[in-house]
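What TrEMBL lists as domain 'Amino acid permease/ SLC12A' is 86-304, 343-624. Residues annotated as region 'Disordered' in TrEMBL: 21-56. Sequence annotations record features per position, and here TrEMBL assigns transmembrane segment to 85-103, 109-130, 137-154, 160-182, 194-219, 231-250, 339-358, 474-491, 511-532, 573-594, 600-620.
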Amino acid sequence: MTETSSDSDWVPDWLKGPLDLWNAGGGERPVPLQDRSASDAPPTPGPKLAGEEDATHDGFTRRQRTVIVTPRRDRTVNRKLRGHQLFMITVNATLGTGLYWRGGQILELGGPVAVLLSFLLVGLLAWAVMQCITEMLCIWPVPGALSVYVGEFVDAELGIAVGVAYWFTYSVSFAALIATSAAEIDFWRQGDRVFDGVVVYLLIPAALIAINTFGVKWYGTLEVLFGSVKILFYLIIVAALIAINAGAGANKALGTRYWRDLGAFDHSAAHTWGTCLLMSLSISAFAYVGVEVVGASALEARWPGHGSKSDTEHRAPTDLSQRSKEPLLIGETVKNSTLYISALATAAYVTGGVLAAFDMPHDDCRLPRLSWIDYTPGPGNCTSTVSTSTYSTSSAFVAIAQGARIPHLADAFNVFLVFTALTCANTNLYVASRSLFGLTSRLDGGGRGSGGSRLTHALMDALAWLGRTNSHRVPLRAMIVSAFAFIWVPFLQLKPGGSNETTPIGMFIEVLAEMGSVGVIIVWACECWAFIRYYHCIYRHRDVLERLKVSQVRRWDEEDYDDYPYRSKAQPLLAYVALIGCLFVLLVCNNAALWNGWHLMPFLSSYLIVLVFFALWIGLKLIRGAKWSLVDLKNEAKVMKIIRDLHDIRLGAS
């Protein structure tokens, strides 16, 4: 950067207008004033000119200027989530229906080895992806982080498309989990449509919406409670599965009886075991949806020093020498909340899935099967029809409990599963609302002075309206829209054939639910791409970053090693492996279901959201008149501006 750099290059968009007005008036630069909003905003970075002292030692010298406009209080959230609350939010989002429902489907499809390999391999993929996300998130825990990273380092329109896809995933998953819980409640009610319509589809969603209106401090406490209970339930299920295998209940000790035929698979679904394994990888990816949700919740992570008794009235410190160290500490909070969740989820899924495979044969007729496959039970296909109840279940774990004939164990397992689904739905609504808020919080209306059609202005005004918070700084508008966007979907199950996945209505519901997991894999791939470009970018401009001592991007700096919050291992090789893994799941594993013949449902489940995603990306390019090229990370000035903007967003969000 040179001495001729303009001030406007160093300020976020919401400061450029007022600064231009000041520049037109001339005169000496006034001293900083306190923000007129409820909380103080940090001073805006200024360019590092020759002879100026960098008092903060963060690579950006602050020049004295009047902060006329800052992010208004109604466009910010409370930063009150502690590290353990961030962790439990991620646990609740991840440990949902993927193991308890999809585990049995994988067991039926590819046998016990497929259960082990699919959960293990996709778990390793999730871990690799989280290494990339965590490294960027520790530097910039900003609103709409996953969208911002892609927009800044890859392509602006792609970043918007990623944000929309991420919001869609969790908004539709909220509704899908309500429908799933209804299916498990029918274990007792046997299709009571009045009960489903009033209690499950109306009262329960209303209660979850009410919980999401709480201030983030109380909401985080509830997430800790829910997560602790969910982990306890999981441990009880694991202990029960071990006891059943050892001979508890009506059956003799099972041991490794069901692991003798390691190459077993469903011949109705595929011609080879390898194809079934690829299909199993696609199914197991659903279980890991949620490991990255800290990217949405980090914007409410507690900043250091905000734990005083007057926390609710806390004002951000204006001493920049103090603030320069805070991002390092909040990076520690984020890192500790995200770094191990994928490994823990992998351990939980592999353990639970393998134990279930020890207690139930892969060809048991009670296991859930792919709905689009014509399956005719016959000799050698159904080895067990043991059941002490006329009630049906779609979970292998409940079926195992039924077969053990231990009084009320199946009921207890089903309670655990319903609780798991509903708490996961609650967290998904939270993530969807924060994702939508992150997309819209920095908009400020239609920009009527910038041209464009009335329709564009109206759309921008509507989106800006969603980016506001209430008096408790909860993004209530974004939450309500996220809740009601797809809340109508479960009600379709009340129509004739709505619960049958072979009917058009049932197929529509299943496709919509499946699209969510595919959407997250798309987001994962884009985050890996963003990290790869970020990694090469900072090393390309290593000399200028080192000369200016720009904070928290000097990954190579050994002298000031702690300035960089987190260095993931084996980069950038790990990021390339993760990107290839995501593309492999999207293009190969999702396609394997079609190798045994054309089926409409798996095609729509796997590729409809991909087509919509690319259509949205191209449409945004056309509407915005953007260049058909990626962000120019070779241009030193542009790279410096990207880093400054991200630093500004981080400080402005605090």
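Any Cβ shown, glycine's included, is placed from N, Cα and C.
Looking just at the domain 'Amino acid permease/ SLC12A' (86-304), the mean pLDDT is 91. Here the listed stretches are 109-130, 160-182, 194-219, 474-491, 600-620, and the one with the most C-beta pairs under 8 angstroms to the transmembrane segment (511-532) is 160-182. Sequence-distant contacts of the transmembrane segment (160-182) (same chain, at least 6 residues past either end, Cβ-Cβ under 8 Å): 96-97, 101, 144, 146-147, 150-151, 196, 200-201, 204-205, 208, 289, 293, 296, 418, 421-422, 424-425, 428-429, 431-432, 435-436, 438-439, 482-483, 485-490, 493, 509, 512-513, 515-517, 519-520, 522-523, 526, 609, 613, 616-617, 620.
With pairs at least 6 apart in sequence, the transmembrane segment (474-491) and the transmembrane segment (194-219) have 3 or more Cβ pairs within the 8 Å limit; the two touch. Among the listed stretches 109-130, 339-358, 474-491, 573-594, the one sharing the most Cβ pairs under 8 Å with the transmembrane segment (600-620) is 573-594. A contact links the transmembrane segment (339-358) to the transmembrane segment (109-130), because at least 3 Cβ pairs that are 6 or more residues apart lie under 8 A. Taking Cβ pairs closer than 8 Å, the transmembrane segment (573-594) reaches residues 122, 125, 128-129, 131-132, 269-270, 275, 278-279, 281-282, 285, 370, 518, 521-522, 524-525, 528-529, 531-532, 535, 602-603, 605-607, 610 in its own chain, all 6 or more past its ends.
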